[in-house]
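**Student:** Just passing along the structure, written as C-alpha cells.
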Amino acid sequence: MAELEKLAAARLEKEASNNTVNPVREVSEDDVKDVSGETTVVTTSISEGANESLSKKEDEPALIGSNVPEELEGNSLEVQSAITTDLEKVSSTPTPSNAEKESPEATEVRIVEEGKLEKADPSVVNEELSKEILEDPEVVPSPAKMYTALKAVDGDMPVLKSENGNDGDTDANTADEDNENDEDDVDEDEDEDDADMDTAKALAELAMTAGKSGNPAFSGTKPSMGAAGPSLPSLPQRPAVRKPIAATASDSPGRNTQRPNGALSTQITSTTDESASSDAAEGDETREKLQNIRVKFLRLAHRLGQSPQNVVVAQVLYRLGLAESLRGGSAPNRSGAFSFDRANALAEEQEAANQEEELDFACTILVLGKTGVGKSSTINSIFDERKSVTSAFKPSTNKVQEVIGTVHGIKVRVIDTPGLLPSVADQQHNERIMGQVKKYIKKASPDIVLYFDRLDMQSRDFGDLPLLRTITDLFGAAVWFNAIVVLTHASSAPPDGPNGVPLSYEMFVAQRSHVVQQTIRQAAGDMRLMNPVSLVENHPACRTNRTGQRVLPNGQIWKPQLLLLCFASKILAEANSLLKLQETTAPGRPFGQRSRVPPLPFLLSSLLQSRAQLKLPDEQAGESDESDDDEEEEDSDADDYDELPPFRPLSKEELEDLTKEQREDYMEELADRERMFQKKQYREEIRRRKEAKKRQAQMSKEELAEAEEAEDEAGNAAAVPVPMPDMALPPSFDSDNPTHRYRYLETANQWLVRPVLETHGWDHDAGYDGFNVEKMFVVKEKIPASVSGQVTKDKKEAQVNFEAAASLRHGEGKVTLTGFDVQTIGKDLAYTVRAETRFNNFKRNKTTAGVTATYLNDTIAAGVKLEDRVLIGKRVKLVVNGGVLTGKGDKAYGGSLEATLRGKEYPLSRTLSTLGLSVMDWHGDLAIGGNLQSQFMVGKTMMVGRANLNNRGSGQVSIRASSSEQLQMVLIGIVPILRSLINCRFGFGGQSQQ
C-alpha cells in the first residue's frame, strides 16, 4: 500500500509540473465497499483550476489505506489498478480547445465489484441514494427529509455533527464537494423551474455526506441513529472564498464567462431567500408563535401528569395544526410533519431544566351553580388548601370573591360566586347575584366557565331551565359556548334501574350528563351545543392512589382532567386570537360574545323607499303624495265646463220612454259632464292652495295669530265624539260576534288610538292582537311632526314598531325630513336614525339625498342614498334611486328605477301604469327583479293587473277586477271549487286513484 501511495503522489506531482488538465481524485475509506457488494459512487471533476486545488492539498496526508479494514486489503490492488487505468486514459486525452473549455462537464464514474468502469446517470444515482435512505426497513424515517423544501446547501446553516462526533470529511473532500456544489448551483440557475430535480439533488447530497461521515453505525448513505432518535447527517459547507460582487453582477445567469487566467468561473447562487415578502415573514413569525403555544400546552400537560397521547391533548394539538393550515396554508413538508415532535422535545427539555419554574400562563375561571353543590369545596380541592369557607348546613359564600393560587407552577385565578336558587320565585335573588357577577367580570373577562351541579340529583326533567334561562338572559347565549359542566359527588352509588338492578357507573354518568346538557341547549337555544362534562369528588373519604390524588370509581383522577380541560380552552383561545380565525372579543364584552351582521338587504330596501314629506294641517286637505308634482302641471286650457250648454237631468219615467240608443247617448253625456265638473273642482283646489301659500308667506306672525283668534271667536262648533264603524271580522265558529268589545270613538283629541285587526288569526279568537297610536302636531308653528307606534302580540311572538318624523323647510323648494324608527328584527330591536333632504333642481326635477344609521345587536350599519325624480310632460314620471349600506365590514349595494305613465285625466280617471326594476348586490350575489302594474277602467269595471319576475326564474301574475254591475264575475269563484272536487274524486291530474 505504501508503494501505491508513492506512485500516485509522484504521478500527481508530474501532472502538476506539466500544467495539464488531470482529474482530481481523492478516495476516502468509505469509497471502498465491504463484501456485501453495494454500489459506491465516486465523482471525478475535470477543471483547469485543478492545479490550485492540488497545491493546497499537497501537505495533507493520503487517505488511501489509512483506515482500511483488514478484510478489504485484498481488494485494494484491484481498485487501485482500475483508478490508475482511468487516469492514464484521461492523461492521454489531448488538451481541449477554448470552445471546449467554455463548456466543461463533470464525469461520474461507478466502480462495480468486478473493477470495471461505466458512466453513471445522475438521476439514477440520486434515485437509488434516496431510496436507500427512505426505504431501508431498519432505518426510522428521519426529519432530514423535511429540509428538502428549503435550500439543501447553505453557508449560514451550521454543520450538524454525526453521532460519533466527526465533522464530516476532511478538508480535501470538503473542497472537492464545494466545487460540485457550485456546479450544481449553476445548473439550478439555468433551470429554476425544475424543482423536483433540485429536491432530489439536495437529498442525494445529504445522503452522500452521511455516507462519507465515517460513521460505523451505517454502511454508505444511512443517517446515524442513537438513543435520542435519528440525527441529521452533516451538511457540506460552502467555500470560504466567494466570487467578487462585480464579477457576479456582470455574469448573466446560466452563462459561463472566462477569467483572465483561463480558469472557468462558476456562478454562485445565494441560498438565502433575500426577496421574501413581508407576508412570508409574518407567516414565519406566526408559525413560530404557534409553535411556542404548542410547547406551552405540552408543558402544561406534562405538569399535570398527562401524556401527549391523552385524548384532550391530542385533540387540542390536532385543532392547532388544522387552524394553522386553514389560516396560513402552511406546507406540511415545512412544519406540519415534525412540528409536534419538535414541540414535544422542546417541552421535555424545558421541563427537565426548569421543573420548579412558574410558567408564563394564567387561567381565569368563573364558577356558577346552585347553592350547596360544592363550588367552594372544589376550589379548595384544586389548590389543596382551604381557600374558601364551606358549610354543610347553610350557604357559605355571600359575595363575589376572587381566589388566586398556584397549581404545579401554574397561576390559577378563580372567581367564586354565591349559590343560585332553583325556584322560579327566587329569580329576583338570582338576577341580583348575577348582576354583581356581571359587574365584577367587566374588569377581566374569564377564560372558562364552570357550571356546577350534583351527579346524585335524581331529576330527569327540565326543572333547572328557568335558572339557566336567567343566566342566558343576563350573560348572553355565548356564556355556554365556553362552559364546562362539573358534576360533584361523583363517588355516589348508582341508583337502581327499571329492572331493579343498579345501573352501571358509566350509564349513571351518561344519563345525568345528558339531562344537564339538554337543559343547557334549551336555555341557549342552540341544539348543537355539546359541553364537556367533568366529574368531581371532594369528600375526605374519597379513594386515593399512591400519590394521594383522589380517584373516581371509574379509575379517573379528576383534578388533572378538570384543569386540563380549562387550560385547553385557554390555549385554543390564544391560538384563535393569534391566527385571527374569528373576530377578537371587544373590551367589556365577556365570554367572547360575537355581534351578528345586521340584515343589510332588508335595511337597504327600507332606506331606498320614497317617503312623503310632512305638511302643515292647512296644507293637507285634499293633498296626496304627488300633490307637489300636480301643482306644477296646472292645465292652461280654458275651463270647458263653464262653456257647456245647459243640461237638464231626466227623471226615471223619462228615461224609460227613451230608446236604447238614446239612453246610451244620455248616459255618455252625463258621464262627460260629471268628469268635467270634477276636473273643474280639482283645478280650483290647486288654485286655492297656491293662493293660500302666497298669502301665508306675505303675512307676519302677528297677523297669523290674529287670524287664528278670529277663527276661534267665530264660534266654531265643538267637535263631538263619533263612534267609528265596526271592523269586518273573519268568519268564526263562535256563536256571538265580539265586535262590541272593540268599538272606539273618533274624538277631538289629537291622539288617535285604534285596535289592530289580524284577519288571518287563530280560530275562536277575536282577531285583535294589538293597538296603534298616532298623533300629528306642529312644533313652533312651522315644523310639522308625527308620532306613531304599533304593538302586536300573538301566542308566539311580539312585535314593536315606532316611528317619529318631522319636516323642516329651509328655503324655497328645500325640505328636510328627519326620523327615528324602532322596529323588531328577529328577537332584537333595531334603532334607526335617518335624514333626507329634497330640493328642486329645475321646474320638473327634484333630487333627494339621505343618510341613515341603524343600531342592531351592538352593531352599527350606516348608509347613504341618492334619488332623482323627473317629470316628462304631464303624464310620465321617472324615479331613479341608488344607495349603499355598510356594517361590520360588510356592504350591500342597491338601486331601483320606476317609470309611471298616468292617464290623460289622472287622478280623476284613475288610469295608471307602473314599470319597476330593482337591483341589489350583497356578497357578490346579484338579485334583479322587475314588476309591472297597470290599472284601468273597462266601462264601470276597474281592472288591475300585476306581474313580477326575478333573475332566479320565480315570478307571479295576478289579475283583479272589481265592479258593482257585473255580478256574474262571482261565478269565477266556482272554478277552484270544482277543481278541488275533481282532484278529490279522481286524484291529481285527473288520474283515478288506485
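Placement of Cβ uses the backbone N, Cα and C atoms for every residue, glycine included.
Feature annotation from Swiss-Prot assigns GTP binding site to G372, V373, G374, K375, S376, S377, H489, E537, N538. According to Swiss-Prot, the compositional bias 'Acidic residues' annotation covers 166-197, 620-643, 705-714. Annotation comment: Swiss-Prot describes 360-589 as domain 'AIG1-type G'. Marked as region 'G2' by Swiss-Prot on the basis of sequence analysis: 395-399. What Swiss-Prot records for 488-491 is region 'G4'.
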**Student:** According to DSSP, does H489 (GTP binding site) fall in a helix, a strand, or coil?
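**Tutor:** Looking at the DSSP assignment, H489 (GTP binding site) belongs to neither helix nor strand, so coil.
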**Student:** Which residues, in sequence order, are found in the same chain with Cβ within 8 Å of the centroid defined by the Cβ atoms of G372, V373, G374, K375, S376, S377, H489, E537, N538 at the GTP site, excluding those residues themselves?
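**Tutor:** For the GTP site the neighbour list reads T378, T390, F452, R454, T488, V536.
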**Student:** I'd like to know which of these binding-site residues, G372, G374, is least surrounded, judged by other CB atoms within 10 A.
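**Tutor:** Lowest Cβ count within 10 Å among the binding-site residues (G372, G374) is G372.
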**Student:** Using a 10 Å cut-off on CB atoms, tell me which of the binding-site residues S376, N538 is the least crowded.
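**Tutor:** Result for the binding-site residues S376, N538: minimum number of other Cβ atoms within 10 Å at N538.
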**Student:** Let me make sure I understand the span of the GTP site: among G372, V373, G374, K375, S376, S377, H489, E537, N538, what is the greatest distance between any two Cα atoms, in Å?
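**Tutor:** Looking at G372, V373, G374, K375, S376, S377, H489, E537, N538 as a set, their Cα atoms extend up to 14 Å apart.
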**Student:** Reported in the order helix, strand, coil, what are the DSSP residue counts of the region 'G2' (395-399)?
**Tutor:** 0 helix, 0 strand, 5 coil
**Student:** Which residues, sitting 6 or more apart from H489 (GTP binding site) on the same chain, put a CB under 8 Å from its CB?
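**Tutor:** The list for H489 (GTP binding site) reads G374, R454, L455, D456, E537, H539, given in order along the sequence.
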